[in-house]
Amino acid sequence: MNTIIKTCVATALVGWSLAAGAAEPIKIGVTGPFTGGSAPMGVSMRDGVKLAVADINAKGGVLGRQLQLVERDDEAKNERGVQVAQELINKEKVVGTVGFINTGVALASQRFYQEAKIPVMNNVATGSIVTKQFVGPENKDNYVFRNAANDTIQSAMIVDEAVVRQKHTKVAILADSTNYGQLGREDLERTLAARGIKPVAVEKYNLKDVDMTAQLLKAKQGGAEVVLTYGIGPELAQIANGMEKLNWKVPIIGSWTLSMGNFIDNAGKNGDGARMPQTFIQDATTAKRKAFIEAYQKAYKIDRMPSAVSAAQGYDSVYLLAAAIKQAGSTDGVKVREALENLNGTVEGVVTTYTKPYSHDDHEAIKPNMVVIGEVKNGRVVLAK
Amino acid sequence: MEILLQLVFSGIALGMIYAVIAFGYQLTFATSGTLNFGQGEALMLGALVGLSLVGNIHGGPYLNYWLMIPLVIVFGALQGAVVEWIGVRPALKIKSEFGWIMSTIALAIIFKNVAENIWGKDDLTFPSPLPSTPFQVFGANVQPMQVVVVLGALAMMLAVEFFNRKSIYGKAVVATSNDRDAAGLMGINTSMVITFSYALSSATAAFAGVLVAPLTLTGATMGAALGLKAFAVAIIGGLTSGMGAVVGGLILGIAETLTGFYISTGYKEVPGLVLLLLVLAIKPAGLFGKTAIKKV
């Protein structure tokens, strides 16, 4: 009798704890700027992430557990990003984090994930060194992953478009003074130098600058036939509008941020024709993309995504992370990293279908052949012809 | 030569924006010895209220650009009066030397947050009332709206100066700024005059806001940088001289564009601030300011 009761109680306890364990959600951090000039990217990314989590949860979650998002606004500020990282790791005990829109914030905050051995998935930040911050002999393993087109890929495409396809030889570079702009500028200069081209002007500007006359005049005086840009929406719009002020019209080719809604809206007709590398264009070319775009439009009651690239990459980053957790059969950071580096099967995302996206030494999911050139046309981004 | 001219033209347009805001600082300093550190936010609010009237963001456009201007000026005046009433008057009453600094900064932050919640945190475009195609002046390009900014700013400042010199109410303002206690003894309602000067200074800032908005982007954060630059202009020109605001604004605006082109765009803002330090070191009252004797 006694034994039977004991067994019953024990079984009940075990069952209960198992049930409790099953109900315990898997926490995933989301960090990005949801306010300020980078907000269109941050908000779109977060909205994409939420869609993916809703999809996965509707299908029963991962390992029988629901995914739970912990969202934090890093305000595109490095110091705020560091705070958010520590909070997500130490207080919220996240299993992994997706996000980082701003290269500077990523570089400042990633070390905490590296030290805590928790994978972090850069789904927008593009600085070439982001995934290389913790490689080499000092670090055995790297916990920084990315599914965005890095600046090495982008600068090559920008230069290719300007120099090879449009056959310009005199180029000017305008980049903002943030980490993003300056690292991108270095990539552009290096890529141009490889083709034996020295830019006629290399200028920088600060965020919130309202007058671009000096920078644009220098480019114009140098005889630039094309302006290459590295910056974010509002100031890029000032460049396009500044060109109109000077009555000077040359093509603008720049990093993917030229697809941001706040560039397209604020530059208006001056922004038409601007070209940029894109991993995703809001265009229903595949069934998966069609479903994603429709779900996004329905969920957020919006016709044009403020930053379609961020939304798509945000969406995919959750699927990649979920696939790794499933394969690892655990939420342990080390095991999830190992799973990410050896993903079996394919992960169907909206940017592409990922087959073995990462390896131990390559943490870049997006390869050059997945990126296309987009063009601003009538307030939309379309595939450049 | 064309280049120099182009840079100077852009510098003038930029400098006049600074000048109007700096002029607003002077208006309140003259009557009450206090400054509204929310001048930049007054400009931002003016621009955003104007945008709601002429843009298509809140179901508009409701009004033509030119008809919107008087409404925005009235709004600016009310906003300035509120700042004086909540932030400055209590500090003056208890003869606090510096209370108004914190309270005007606090109000500025509150206004910014309110604006972020009403108009969002993104930068918005302000529809331009004039064609944005530039025309040529001696080979340099000038946009019609840039001319409007310069003329509008000058007209506004002249109107205020004219009012102060010619009308009886203006004389009350001048009397108060010369000696508040004596003016009070002569039967002038000095606290009314101070409220009025705050209303006037925010009204000029709001007006400047709708003038510059078609040239720049409009958003809740547009005020901070402009307000700070204008403060430097007010110090360079002298806090007691309307002329100083104009000259100081032009100096800073032109210095910025010239440095950006001839030295480096990375150092664009340095000469203006070096000038500010020099002025403070050599002629603390500003280039056109009268030296005030302060009893300690």
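Note: Cβ is positioned from N, Cα and C throughout, glycine not excepted.
Here is what TrEMBL records for this protein:
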- B:6-30: transmembrane segment (TRANSMEM)
- B:65-86: transmembrane segment (TRANSMEM)
- B:98-115: transmembrane segment (TRANSMEM)
- B:135-160: transmembrane segment (TRANSMEM)
- B:181-200: transmembrane segment (TRANSMEM)
- B:206-226: transmembrane segment (TRANSMEM)
- B:233-255: transmembrane segment (TRANSMEM)
- B:270-289: transmembrane segment (TRANSMEM)
For the transmembrane segment (B:135-160), sequence-distant contacts whose Cβ falls under 8 Å of one of its Cβ atoms, 6 or more beyond its ends: 1-2, 5-6, 9-10, 12-13, 16-17, 19-20, 23, 27, 128-129, 200, 204, 207-208, 211-212, 214-215, 242, 245-246
Intrachain residues whose Cβ lies under 8 Å of the transmembrane segment (B:6-30), provided they are six or more past its termini: 36, 39-40, 42-43, 84, 88, 137, 140-142, 146, 149-150, 153-154, 156-157, 160, 173, 177, 194, 197-198, 200-202, 204-205, 207-208, 211-212, 215, 226-227, 229-231, 233-234, 237, 239-242, 244-246, 248-258, 261
Cβ-Cβ under 8 Å with the transmembrane segment (B:206-226): same-chain residues at least 6 beyond its ends: 13, 17-18, 20-21, 24, 38-51, 65, 68-69, 72-73, 75-77, 79, 108, 112, 115-116, 119-130, 132, 143, 145-146, 148-149, 152-153, 156
Tertiary contacts of the transmembrane segment (B:270-289), as residues 6+ beyond its ends and Cβ separation under 8 Å: 229, 232, 234-241, 243-244, 247-248, 251-252, 255-256, 259
